[in-house]
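These notes concern the structure reproduced below.
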Amino acid sequence: MASHKKSEDPLVVKDRQEQECESSDSTIASENASEHRSPMGLIDEDGIETLNRIASQSSRRRSSVYPPNVPTRTSTLATISENDPAVDPQGPSFDLNKWLKMVLRESERQGREAHRTGIVFKNFTVSGTGAALQLQDTVSSMLSAPFRIGEMMKNRHSPPKRILNEFNGLLKSGELLLVLGRPGSGCSTFLKSLCGELHGLSMSKESVIHYDGVPQQRMIKEFKGEVVYNQEVDKHFPHLTVGQTLEFAALARTPAQRIRDMSREEFAKHITQVVMAVFGLSHTYNTKVGNDFVRGVSGGERKRVSIAEMALAHSPLAAWDNSTRGLDSATALKFVEALRLFADLSGSAHAVAIYQASQSIYDIFNKVVVLYEGRQIYYGPAKDAKSYFERQGWECPQRQTTGDFLTSVTNPSERKARPGMENQVPRTAEDFEAYWRKSPEYQKLMSEISHYEQEHPLEEEGDALATFQQKKREIQAKHTRPQSPYLLSVPMQIKLNTKRAYQRVWNDISSTVSTVISQIIMALIIGSVFYGTPDATAGFTAKGATLFFAVLLNALIAMNEINSLYSQRPIVEKHNSYAFYHPATEAIAGVVSDIPVKFVIAVVFNLILYFLAGLHRSAGQFFLYLLVTFIVMFVMSAVFRTMAAITQTVSQAMGLAGILILALIVYTGFVLPVPSMHPWFEWIHYLNPIYYAFEMLIANEFHGRDFICSQFIPAYPNLSGNSFVCSSAGAKAGQRAISGDDYIQVNYQYSYGHVWRNFGILIAFLVGFMMIYFIATELNSSTSSTAEVLVFRRGHEPAYLRTDSKKPDAESAVELSAMKPTTESGEGDMSIIPPQKDIFTWRDVCYDIEIKGEPRRLLDHVSGWVKPGTLTALMGVSGAGKTTLLDVLAHRTSMGVITGDMFVNGRGLDQSFQRSTGYVQQQDLHLETATVRESLRFSALLRQPPNVSIQEKYDYVEDVIRMLKMEDFAEAVVGVPGQGLNVEQRKLLTIGVELAAKPKLLLFLDEPTSGLDSQSSWAICAFLRRLADSGQAVLCTIHQPSAILFQQFDQLLFLARGGKTVYFGPIGQNSNTLLNYFESNGARKCADDENPAEWMLEIVNAGTNSEGENWFDVWKRSSECQGVQTEIDRIHREQQSKTQASDKDNESWSKSEFAMPFWFQLYQVTYRVFQQYWRMPEYIASKWVLGILSGLFIGFSFFQAKSSLQGMQTIVYSLFMLCSIFSSLVQQVMPLFVTQRSLYEVRERPSKTYSWKAFLIANIIVEIPYQIMMGILTYACYYYAVVGVQDSERQGLVLLLCIQFFIYASTFAHMAIAAMPDTETASAIVVLLFAMSLTFCGVMQTPTALPGFWIFMYRVSPFTYWVSAMAATQLHDRVVQCSPSEMSIFDPPSGQTCGEYMSSFMSMAGGQLSNPNATSDCNYCSVAVADDFLSSVNIYWSERWRNFGLMWVYIVFNIFLATMLYYTFRVKKWNLSGLKERFSKKK
């Protein structure tokens, strides 16, 4: 079969393939270094017994049940040799058993005991705020907001809602607590509350919670690092290696007293190596942690890094929130085993929430708590929980794990009462809670709490607090404040953070180098533009412009720090919660690490610019210039860092920074000199650090110098006396040179005497903003607990919510979903699924890719089929290639070479194959602003064929909604997690979108149960079962099914590592067929109570059967394998005879790539994007606010520009300032386009929903109306303020030009982002192109003064034509009246009037005399009308409409280039391997 190269998001493909390859690499590594597999794998049986003995003795000493005089550890501890290589974690014979014995012995010898604590909570009630009903905001609701103030105020003060209701419990030192509950039941809130993470939450006054007698408030304030919470999301610095990440954590929590008197560094390195060995991370020591964009360790390894990092915090009490998500069952079990070991030996206590806990995991826990809609319905010994609920009247199905059973009783659709108990069992969460409170187990718990509190009474200043403080002081470093929760002193924290900051810089050196290179390029461009500027009066403006660019480019480079600070804020907050360091110390370290980087950038940039632009070549002037630019770089860095620290979101910070930059540029003193400033905004320049820096640079350049006059007035030969004057400001009659000091005083009101005063002001700004930054970083936290709630369209909210009545069993707590999970109603009508007859087969499919220059086979001769009415499971060990096979079969791979055969009914696949199949991806990608019904309708409209009417498609969508039981939230908005659909609802929508397309071949599903709890997983699989029973063909990858879940499937395709088949065939009743195959080929017998899926994973993971044969080889020689090939041949013969007869009836569209014609696609996609924009009021408001504020600010800064020469110049500069918001306009558009593109390229394009042309054109079209509105608003705010009311033609043209400018900005944004992978990359290109366009538009350097090389850039820059058209329209025929400082004043020769003396000069040069009849003090203005001024900068009134037309050419060019770039780089798949081969042959 020919190689298939279909499109998919390359990041998704790369991440998946790297993980699969790394998994196979890890397997090889683990075979060679088995000691790194797991904590349990490191200990022999004798060692386990010894440790268990030690652990049980420790547990007895801590337990209130056993007397305290139990014998201590055995004397075998003393027999360990300190030089034993078994305690070296890097050695091949490392033994965790012996290492732990050594540590225990050392601790005993030093008289230290591990710090231990338990936790007691009584009447523990936690509440949050959030409206029960949330409606979607739109542009119309935004505009009508002033008329709905009452409604908004009412919603703002919604009453608090209970999330946890009167919990009671006791977790002792050394115990493990399993937290069970369905998503939204309050598990995360419970774990956070145990650790004092109460952002956005509140505890009731009656709540009691303490740690062995220490109140929670005191605990969090002084002992924050003793109780830590591990969140579900992995947050790490991506560029740090695993070793650096974990060694940092170890150093931050290294105690003052250490084993063997190791130094801090030695201890941290040693303990890190041990933890890495325990969690199987030793082979990743020098590998970057990475993230979605930075290549690093695999997702499972990153999760283990998070676990290891928190383990290094050495906390006696830890809460783990679904920390096994993304880990396979074996790794998850080993993680819990490690917690068990740590708890037994160190006395630490752990509370762990796990969604799908296998029986082997469950059995490790001491206690379990079951949550039901925020209510506690059991808390007690894990071994007694099952019997408690069975006694309550519930039946546990055979082979169901205890964890699944306990969670299932909270699901009305899954729980099953024992015969005869149907009317006696509790039904609602309140009933369950009431039953629990009356039970003997509850009474026993309360009695245990009472006894425990007698031993550990709650006291503000008691023995427990004193013990905590003493133990903390023992491990705290010197000079650390006693009340501080941190182990390190502030200087030590700064030192540690600074080291890490430099590691981050070095590991991401390419970013620093690219910044330096971009600055070199900008310096070369700006320097060359002003190259050859004369040291004469003709160079005055050019020198000012050079220094203006210098100070701005040095200052504004720091704006990028806002994004970097926001990206690291979640990591810093996590470390702070672990009591690693003060956030302020990390902020200080960030500033310190920036010094050398900024120094290099400053030196490189300014060295090039200074000498290339011909600034004053004097050592004193150069070094002062360098000092000023370096200081202003740091001052502005402090300003932008402060912006990031005082705001809550990056959009707030960037919006604030955008307005700030505009104010800083305008009030620097160049485009609007101090004499021209208006009183209402004049105060800004006093608060502007750049103003003070610019005054220093100007004074430094011009001070103490006389500049030769370039042009005299009048320009007669043999001038003498006072009959002439230089044409520049500050000139005096009869002088042939102008003092630089006089020029800057007249033109700018600057003085050299202010230089060192300004330097002091800059230092004050630096210190002030740095202090605010450090304080704000320490105090401001963006972490908050948000309500998980559904959002509805206005006017479409469900009746029971609209009337505030409570739906039966509705979950009302903030953390809970706004309604019952969707899988609890009836079976759903499956009759709407059209019967299918097509059979999909594949034979000997192989998939090869190249990794690091080496060929790698990911799939190895896989064969199989999917028939209508069957549910086929695709399983395998981690990294076996399950998702890869699904992608290959669905034609969704974007790289590599596929060989083998794929057939539908025995015939090859045509281009309609992709749209004839449904593919439910693992990621639930949907348009956030659309409702569930709209998402389904969009899929049906574009993917069902044209012979189906629109009404029929809509009717089918309603059937799908009923079938998936989504009626209650059909009008709910998809939203984002927490504010929109929950995990299960998103998964159902993902399935629904594919069903709405009515796929006529089969349905692929990739991990449909990923991230779901066991009940939701069961509901999804039961639905797939019903789907298959109705005639649908289904192929589904599944990670780790329970025994009951496994029985839902008909067939199984099982892959071993490397994509090798080890079984394909029926599963059989109770998995008998599958078990018989493996057992007959040398596998051990599967026990009756064992999960066949786990059993099979275990034996295949072992690699070989009892005779040492590889399972892949066993399969290849088996009769079952031969039977597969025979069955494929039979299917082909049978189906080919059937399909020949039906081929004649096929419509032409049935073979086409897309179901619907292009114009229908374009209409539907454009309508959807319009709808999306309308429902994004924040985005639209940010656009309009930017336009309005910019227009008003520029308009009133340059208000009623005078008719003087400076007035003409300020009008042109005002246009320059309008152009300066161009970059912000582009930056607004690009992120939204990237979001749209991700959805299209990952889900909609591979499904052949619509064409890439429709996608691109629709996105360009939809921006235009909003850009037109933005142009109108900006025009109204800017134009009339600056120039007042002009004739209608001019007003109309300026309006058109304003609209045109914003349309150009949006098309430019699409052109820039079309081919780029992300906004960051595109932004760098945008900034460069924008800077060049702005520099060469003729405002800062006139075209006549440009070096010849750059003239082409003046002609290429679109701003040249836009500024020219705008300036000409506003200034044409305007009479100029020079201000007194602009007048050239001189005396005519005796006997002549001024008019007579100047007549010949004025006949050639133009201009005007204000006193032609005077015989002294002639007042000459060099310009009579504004057109004379404009012609000097190559701007002409006659070219205004031509320039307007040229701008449309640029807009069309942007659209054309966007289309070509998108097609070339993101649609067209180039055969690069073929090109390589051809090139190598030529060589």
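Cβ from N, Cα, C; glycine included.
According to Swiss-Prot, the compositional bias 'Basic and acidic residues' annotation covers 1-19. Marked as region 'Disordered' by Swiss-Prot: 1-92. According to Swiss-Prot, the feature N-linked glycosylation site maps to N32, N123, N322, N718, N780, N947, N1146, N1413, N1471. Look at Swiss-Prot and you will find 71-82 tagged as compositional bias 'Polar residues'. Swiss-Prot lists 147-398 with the feature domain 'ABC transporter 1', giving sequence analysis as the kind of evidence. The transmembrane segment feature in Swiss-Prot is assigned to 512-532, 539-559, 595-615, 620-640, 654-674, 759-779, 1179-1199, 1215-1235, 1254-1274, 1293-1313, 1320-1340, 1444-1464; the stated evidence is sequence analysis. Annotation comment: Swiss-Prot describes 840-1083 as domain 'ABC transporter 2'. The ATP binding site annotation in Swiss-Prot covers G876, V877, S878, G879, A880, G881, K882, T883 and is backed by sequence analysis.
Structural mapping of features recorded in Swiss-Prot.
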{"residue": "N322", "record": "N-linked glycosylation site", "Cβ within 10 Å": "22"}
{"residue": "N718", "record": "N-linked glycosylation site", "Cβ within 10 Å": "5"}
{"residue": "N780", "record": "N-linked glycosylation site", "Cβ within 10 Å": "14"}
{"residue": "G876", "record": "ATP binding site", "Cβ within 10 Å": "24"}
{"residue": "V877", "record": "ATP binding site", "Cβ within 10 Å": "22"}
{"residue": "A880", "record": "ATP binding site", "Cβ within 10 Å": "27"}
{"residue": "G881", "record": "ATP binding site", "Cβ within 10 Å": "30"}
{"residue": "T883", "record": "ATP binding site", "Cβ within 10 Å": "22"}
{"residue": "N947", "record": "N-linked glycosylation site", "Cβ within 10 Å": "10"}
{"residue": "N1413", "record": "N-linked glycosylation site", "Cβ within 10 Å": "9"}
Quick one: what's DSSP say for K882 (ATP binding site), helix, strand or coil?
helix
At an 8 Å Cβ cut-off, counting only pairs 6 or more apart in sequence, do the transmembrane segment (1215-1235) and the transmembrane segment (1444-1464) clear the bar of 3 or more pairs?
no
Would you call the transmembrane segment (595-615) and the transmembrane segment (512-532) in contact, using three or more Cβ pairs under 8 Å, pairs 6 or more apart in sequence?
yes
Spatially, and counting Cα to Cα, which of the glycosylation sites is closest to K882 (ATP binding site)? Options: N322, N718, N780, N1413.
N322
Checking distant contacts: for the transmembrane segment (1293-1313), what same-chain residues at least six beyond its ends satisfy Cβ-Cβ under 8 A?
1187, 1218, 1222, 1225-1226, 1228-1230, 1233-1234, 1256, 1259-1260, 1263-1264, 1267-1268, 1270-1272, 1274-1275, 1278-1279, 1319, 1322, 1325-1326, 1329, 1358, 1362, 1365-1366, 1369-1370, 1440-1441, 1444, 1447-1448, 1450-1451, 1454-1455, 1457-1458, 1461
N322 (N-linked glycosylation site) versus N780 (N-linked glycosylation site) - Cα distance in angstrom:
27
Can you count the other CB atoms that lie within 10 A of the CB of N123 (N-linked glycosylation site)?
15
Which residues of the chain, 6 or more past the ends of the transmembrane segment (1179-1199), have a CB below 8 A from one of its CBs?
139, 142, 651, 655, 658-659, 662-663, 666-667, 672, 677-678, 680-681, 1173, 1210-1211, 1213-1214, 1217-1218, 1221, 1224-1225, 1228, 1232, 1266, 1269-1271, 1273-1282, 1302
On the 0 to 100 scale, where does the mean pLDDT of the domain 'ABC transporter 2' (840-1083) fall?
87
When you look at the transmembrane segment (654-674) alongside the transmembrane segment (1320-1340), do they share 3+ Cβ pairs under 8 Å, ignoring any pair fewer than 6 residues apart in sequence?
no
Does the transmembrane segment (654-674) come near the transmembrane segment (1444-1464), with 3+ Cβ pairs under 8 Å (pairs 6 or more apart)?
no
If we check Cα distances from G876 (ATP binding site), which of the glycosylation sites N123, N718, N1413 wins as closest?
N123
Cβ under 8 Å, sequence separation of at least 6 from the ends of the transmembrane segment (1444-1464): give me the contacting residues as numbers and ranges.
1252-1253, 1256, 1260, 1293, 1296-1297, 1300-1301, 1303-1304, 1307-1308, 1310-1311, 1314-1315, 1358, 1361-1362, 1365
N123 (N-linked glycosylation site) versus V877 (ATP binding site) - Cα distance in angstrom:
45
Spatial neighbours of the transmembrane segment (539-559) far in sequence, C-beta under 8 Å, 6+ residues away:
515, 519, 522, 526, 530, 533, 601-602, 605-606, 609-610, 613-615, 625, 628-630, 632-633, 635-637, 639-641, 657, 661, 664-665, 668, 670-671, 689-690, 693-694, 697-698, 701-702, 707, 710, 728, 743, 747, 1335, 1340-1341, 1345
